[in-house]
Every structure is written in C-alpha cells, then in structure tokens.
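Right, one structure below, let's go through it.
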Amino acid sequence: HFKPILVLCLATLALGLFVPHFAADRNSIVHLFEWKWSDIADECERFLAPKGFGGVQISPPNENLVVTSSNRPWWERYQPVSYILNTRSGDEAALADMISRCNAVGVRIYVDTVINHMTGMGGTGTAGSQADRDGKNYPAVPYGSGDFHDSCTVNNYQDASNVRNCELVGLADLNQGSDYVRSKIIEYMNHLVDLGVAGFRVDAAKHMWPADLEAIYASLKNLNTDHGFLDGQKPFIFQEVIDLGGEAISKHEYTGFGTVIEFQYGLSLGNAFQGGNQLANLANWGPEWNLLDGLDAVAFIDNHDNQRTGGSQILTYKNPKPYKMAIAFMLAHPYGTTRLMSSFAFDNNDQGPPQDDAGNLISPSINDDGTCGNGYVCEHRWRQIFNMVGFRNAVQGTGIENWWSDGNQQIAFGRGNKGFVAFTIGYDLNQHLQTGLPAGSYCDVISGNAENGSCSGKTITVGGDGYADISLGANEDDGVIAIHVNAKL
C-alpha cells in the first residue's frame, strides 16, 4: 500500500531541493564572495553566461551588524540584524535587478541564508536598525528574548543538544522550534523566492534541528516562473553541515530534505593533490571515501571559511598548482553539484573585502588578460578553471571510462566519448593512452583556449583507435591536461 505514496513523494522532491535548476548546458555555482550586486549582474552578462557557469552563491543579502572594531571584517555579514535587504553589496532594488539580469542570461542566484542566529554583539545594522544583543531584542524583525534559546555556549560536539540549542561563538541563538520564528524565516526566504532566486545555502545548518529545517523548507514557495523556472519547482537547498567524523551530529541527518555541503571532499582531495595520498587511490572516489552520495552533495575544494582556518590540507589560490589540479579533478569527475570559490586576496583571517576609506565596497577591475584587479583573486576567471567548467558541460551525462593509473601519482580517465583528462605529481608523464574520443586534433584547455579552430596551448592528436600520446612534464605550470569534443580543432 505504501509504494505509490513513496514514489509520489520522491517525484515531488525531485522537482527541487536536490536539483540546482541550472539552465541547459551549464554547471557549477561560483561563490562571488562579498561582491556588490551590480558587479555580479555585470559578471553574469559578460563572463559567467558565455563561459557556461550555472549560478552564483551571493553573500548574505539581509541587514548585518556594522563591525568597525576590526575594520569591517568579512564575518560581519554572518551577524544578522534584520531581514531587510540592505547591505554593503546593495539594497533591495539592486538585488532584484541583479537576480533578473542573471536569470535573463541563464545564470541562477543562490542566497547564503543566515537563519541559525542573530548578532554576537550590540550595535547598528547596515540598514540603520538596532541590535540589542544583551536583551536579545531585534526590533526590525521583530525578535525578542522569548524567540531565542537560553544562553549557553556551544562547547561539546559530542552532545547534539549543546550544538543545536546553545550559542555558536556568542551569537544569539534563534529557536527554530517556535512557530513565530519559523514564520519570520519563511517570510524572508519566500521574499527572495519571489525576487527570482533559485535556492539557498543554509549557513550553520548543523546548529539547527533537522526537523525544524525540514518544516521551514516545506513552507517555501515554488520558484518564480517569471524568471524562467518550470512550474512546481522548489528551491535548491544546500546545507552547511561540517561532518568529518567523530561527532554526535551526522551529515546524513540532513539529506532527506536537501543536499549537504560535503566538507570531506576538499579535505581528501587537498591531501591527495599535495602528495599526501596516491592519486591512483582516487579510482573509487565517492562514498567509499566517506563522502555522501553524489546526488545529496555539493562538492568544493575551498570555501570562505576553510580557506582561512581549514589547515594545511585545504588547497586555496595561495597554492595555485595543486589547487588548479584539484579543481580540474572535481570538474572532470561526475560526483556532486560543484561549487567554486572566488576570493578577495587576504593576509589575515579577519580582513574584509576591498573597500574605500568610507567602508564602501570597491568593485573588481578586469585586466586586459581577463583576470581581476583591485584586490580580487577571481579564481573563476583563471583559464584552467573556467575551461574546466566548459569541459564539465561537454561531458554531461557520461560516466568515467578508460581509467588508467601507474599505481602511484599519475592518473587519467575519460568521460564516455566526450572528454579526457590526465594528471601527474612529481615526475614526467609519457604514455600512450586510450582516450575514448573520436579521431582528430584537440586543444588542451588547461594550457590554452580553443578559439576559431585554433589552439593557444598544446594540441593533442587522437588516432582512429582512440589512443593518444600524452606528455606532461613534472615542472610544467599545470600538472593536468584536458581535452573534450567542444575543443576539437
């Protein structure tokens, strides 16, 4: 008797929550960390859409605490004062304009949603509202002391109640079990759905009860069809649940009603591409590595938190050769919905985004070679990264075939008859390998771009039998080559 109901439920879930609603032939969410809304709109039109990117994760769009003590650090955006859409990135009109412009060119917007807590101190917000941290009073919502959990400190990760009912680093902890609190969160998220967003990154999901989140998500509206979404689709949900094992809370508690950001992914790949594990061992990359099922996961190499505090295993723009290799592997491998980091340069962990003397955000400048200036790293504009987004689009719908390794630090694999990649760490690769590709000449999209039938990088020739001679020197700028059918010369 239960089967038809189960099938119906699964079909309903498949219309959203677990799928990112990318337009056709697009992939990957890029986190344009601390960018202004007007700059994101420009970037959607001039770069992200033409290069095949799926969407943008934006910084929290709601009013946050102005923190002058540390010269406006990045983390002030994670201290909500209200759900008024007004931040240093722009006001509601600028946000709505960006969402419309990005959707118009097929690039989706995902909101970083901070609903676990309010501020960690008192003061004034970016829209001028007041935050009374000691009295737990936020009149612009309004929230009062009765809307929060009792004050205690998150200090025992072996105790799920401590993690979920106490205060994370002193941040006033909302009680999502309250119907009123839920109603304010739902109202905020549905306002964003009305504006045309495609989904939500849920900050600090591990610090909220799964049943409360499930109830909140169940009350979200369908995506706005005026923005090109199909009828009856729910927002894509990707939840921040840091689970590296050994704690009371498991990432699996959150997979029934949304995807989960898989922190083990970048940790293990960061270790492997720095030589801490043999690349050959990546042959069974996936759940056997204690990863979630790919359909439940958002995969990433680094994010705005762990590029600062994640330790030496986390690869970032500061270690570019293995970083680009790990990203190439992520984008070449079918696992998960992939997310890319786009940073501003920083020297200390609290440092805020590029800003003028008045605290206004400075826009990234675009250099003649397509890279960014004004203090922005723009990893998404690195050739080796955006060309692998193109690779992922070209190989969509195929599996891994023709896996090869030397048993150590050299690997290669194909994606059906659409694409092929090879990697080496530490010593030269010279092999005659089966690519699975049709005969012809291909542009290696890591070393160059394929444009108008010519290639600015290496050319790789595939014979009628699908084999090619693959050479990759240990001391080259990049320890990876990638060819695909859309880069055939």
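From the backbone N, Cα and C atoms, a Cβ is placed for every residue, glycine too.
Look at Swiss-Prot and you will find Asp203 tagged as active site, nucleophile, backed by similarity to another entry. On its own chain, Asp203 (active site, nucleophile) has Pro60, Tyr78, Asp112, Thr113, Val114, Ile115, Asn116, Glu240 as residues at least 6 apart in sequence with a Cβ closer than 8 Å to its own Cβ.
The active site, proton donor annotation in Swiss-Prot covers Glu240. Cβ contacts within 10 Å of Glu240 (active site, proton donor), excluding its own Cβ and spanning all protein chains shown: 21. According to DSSP, Glu240 (active site, proton donor) sits within a strand segment.
When Cβ atoms from all protein chains are considered, those within 10 Å of Asn116 (Ca(2+) binding site) total 25, not counting its own. What Swiss-Prot records for Asn116, Arg164, Asp173, His207 is Ca(2+) binding site, and it gives similarity to another entry as the kind of evidence.
Taking the Cβ of Arg339 (chloride binding site) as reference, residues of its chain lying under 8 Å away and at least six apart in sequence are, in sequence order, Ser28, Ile29, Val30, His31, Gln57, Phe238, Ile261, Val298, Ala299, Phe300, Asn303. Sequence annotations record features per position, and here Swiss-Prot assigns chloride binding site to Arg201, Asn303, Arg339 based on similarity to another entry.
Annotation note: Cys44 (disulfide bond) sits in a helical segment as assigned by DSSP. For Cys44 (disulfide bond), other Cβ atoms within 10 Å of its Cβ number 26. Annotated disulfide bond per Swiss-Prot: Cys44-Cys102 (among others), in sequence order.
Cβ contacts within 10 Å of Cys166 (disulfide bond), excluding its own Cβ and spanning all protein chains shown: 18. For Cys152-Cys166 (among others), the entry in Swiss-Prot reads disulfide bond.
The local packing around Cys372 (disulfide bond), expressed as other Cβ atoms within 10 Å of its Cβ over all shown chains, amounts to 22. Positions annotated as disulfide bond by Swiss-Prot: Cys372-Cys378 (among others).
The number of other CB atoms found within 10 A of the CB of Cys455 (disulfide bond), across every protein chain shown, is 20. In the three-state DSSP classification, Cys455 (disulfide bond) falls within a strand. Among the features that Swiss-Prot reports, disulfide bond is placed at Cys443-Cys455 (among others).
The signal peptide annotation in Swiss-Prot covers 1-16.
Residues or ranges marked as site 'Transition state stabilizer' in Swiss-Prot (evidence: similarity to another entry): Asp305. Non-local contacts of Asp305 (site 'Transition state stabilizer') by the CB criterion (under 8 A, 6+ apart in sequence, same chain) are absent.
If you take the C-beta of Cys152 (disulfide bond) and look for same-chain residues 6 or more apart in sequence within under 8 angstroms, you find Asn162, Asn165, Cys166, Glu167.
Less than 8 angstroms from the CB of His207 (Ca(2+) binding site) sit Asn116, His117, Val154, Val163, Arg164, Leu168, Asp173, each of them six or more residues away in the same chain. Excluding the listed site residues Arg201, Asn303, Arg339, the same chain places Ile29, His31, Gln57, Asp112, Phe238, Glu240, Ile261, Val298, Phe300, His304, Met341 with Cβ atoms within 8 Å of the centre of the chloride site Cβ atoms. For Arg201 (chloride binding site), the nearest neighbour among the disulfide-bonded residues Cys378, Cys443, Cys455, judged by Cα separation, is Cys378. Considering only the disulfide-bonded residues Cys44, Cys102, Cys443, Cys455, Cys378 (disulfide bond) has Cys44 as its nearest partner by CA-CA distance. Other C-beta atoms found within 10 angstroms of the C-beta of Asp173 (Ca(2+) binding site) number 24, with every protein chain shown included. Using the Cβ center of Asn116, Arg164, Asp173, His207 for Ca(2+), the list of other same-chain residues with Cβ within 8 Å runs, in sequence order, His117, His149, Val154, Val163, Asn165, Cys166, Glu167, Leu168, Leu174, Gln176, Ala204, Met208.
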